Amino acid sequence: MEGKREMGSYKFCLIFTRKFRMTESGPVADVRELFEKYADGEAHMSPEQLQKLMAEEGGGEGETSLEEAERIVDEVLRRRHHIAKFTRRNLTLDDFNYYLFSTDLNPPISDQVHQNMDAPLSHYFIYTGHNSYLTGNQLSSNCSDLPIADALRRGVRVVELDLWPRGTDDVCVKHGRTLTKEVKLGKCLDSIKANAFVTSKYPVIITLEDHLTPKLQFKVAKMITQTFGDMLYYHDSESCQEFPSPEELKEKILISTKPPKEYLEANDAKEKDSGEKGKDSDEDVWGKEPEDLISTQSDLEKVTSSVNDLSQDDEERGSCESDTSCQLQAPEYKRLIAIHAGKPKGGLRMALKVDPNKIRRLSLSEQLLEKALASYGADVIRFTQKNFLRIYPKGTRFNSSNYKPQIGWMSGAQMIAFNMQGYGRALWLMEGMFRANGGCGYVKKPDFLMDAGSNGQGFYPKDNSCPKKTLKVKVLMGDGWLLDFKKTHFDSYSPPDFFVRVGIAGAPVDEVMEKTKIEYDTWTPIWNKEFIFPLAVPELALLRVEVHEHDINEKDDFGGQTCLPVSEIRQGIHAVPLFNRKGVKYSSTRLLMRFEFV
């Protein structure tokens, strides 16, 4: 990386000019030491020496070929010197620093699918959206096909559509019993077809909340068949002992909903959540949320009077609105359903019962999941080893906020349904989890979730659990804010005062958050701060990183965030790209960090 000079002056009180010392962000000590070690004291590093460095400093994670090292050297020289590659083929210290600080040449995790994709579909965590058609809050925002397209392009593999009658002969998508503005089903289906496999070739699941008559179900079946054609996957889950793998289902669309015959039964078996209602606190080990959610409380209060029993998912309330027409069947519609959903009669324990000859999907609210784990933890784990468990946000999350996903992952639930428009720390964690495995939307569940043992509780670590692995993280420096932000974005009168918060999200015993000191008046802060994180459940641990700009008189400004799956982190020094509150990657802003497992 070439040194960048800071802006030297800021206006103060419109009269005085404050001067700041010009600084250059050259290689930090760790980079210099690494270069000197592998360049054997010379002024240049050859491709052979770079190959050796990558192999040894990477902790033996895969083999680095000489061709790859040569490609990196050539690319760095092309970017920095243009003509130099014709006269030499080695790196100077500044060239080496540029390489280490390049997020595309030296990322902290792989961008390739590398996990085994041949296991049954239920053996994977699946990137899942909730009310995928909403543009904002749950009560009064617009419904649109655009959020669906955006979610699929971000790697989401499960999208949800709520189907409602539009007159007597048409179907629309909307959040029922609210003031949300409908969108035509056809637009949503076209959006799914156009965007389903742009980012990932692995299967897309469409979960339907169906409030239709058999006549309209027939129409929906025809629309789905005509839109997707050969992309549709047909599967009789009522007589199957194992589901196909993501690899077998590449570029396939799967439909998941209740079969029509269950609608009347569902109306007779309403089961409501009884957890705590009201606004959730955002105060936890990570601190308060650094941003406002999409809708203000005053906006939401205007429409809450129209809400009728939103504390329970429509799918679990029972779907059909007509008591007589429901007695008819819709065989064409039923044939489309690859993953049958529904909650059997007999209470929660019966709902978690595993049928060796049938695969199904069960949906539970975030509150009901906690109750299920407290009373039937072993049953939950056994259920998720074969069947699909979907967890959805409680109905009082009017502002499209989300819940902590760890409890769902710890239980083996494949589909943790999130409001993808509900920006905040919980969604950052979800995005971090699904950066794993090349961002394909499917992450293989840890082995301990597939072998629950006799009591099914062995995976819950105690506070005194011995760590399986220890992660050492050193925050070296940061750069790029001056290119992504206005000069006066953080402070009108001086360069920013950055600090970094670093911690672990995962099993309760592993969760912690630390922070660096504040580096004052600089756009290229150097912290050189190391943190040590012992991990009892490294398989489900996520490394949390946030950058803030310190403000004495007001709330600290937000300077970027990222979340990385610990199991995917490469050892050594890497460039870590930062993202804004909405999960969009900054063009230039990044951190230089060193990772080591001991």
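Including glycine, each Cβ sits where the backbone N, Cα and C put it.
According to TrEMBL, the feature compositional bias 'Basic and acidic residues' maps to 261-291.
Taken from TrEMBL, the feature compositional bias 'Polar residues' covers 294-310.
Across all of the domain 'PI-PLC Y-box' (363-449), the predicted model scores a mean pLDDT of 95. Marked as domain 'PI-PLC Y-box' by TrEMBL: 363-449.
Per TrEMBL, the feature domain 'C2' maps to 450-580.
If you look up TrEMBL, you'll see 261-325 marked as region 'Disordered'.
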Secondary structure content, the domain 'PI-PLC Y-box' (363-449) (per DSSP, counts of residues): 41 helix, 15 strand, 31 coil
Tally of DSSP helical, extended and coil residues in the domain 'C2' (450-580): 14 helix, 59 strand, 58 coil
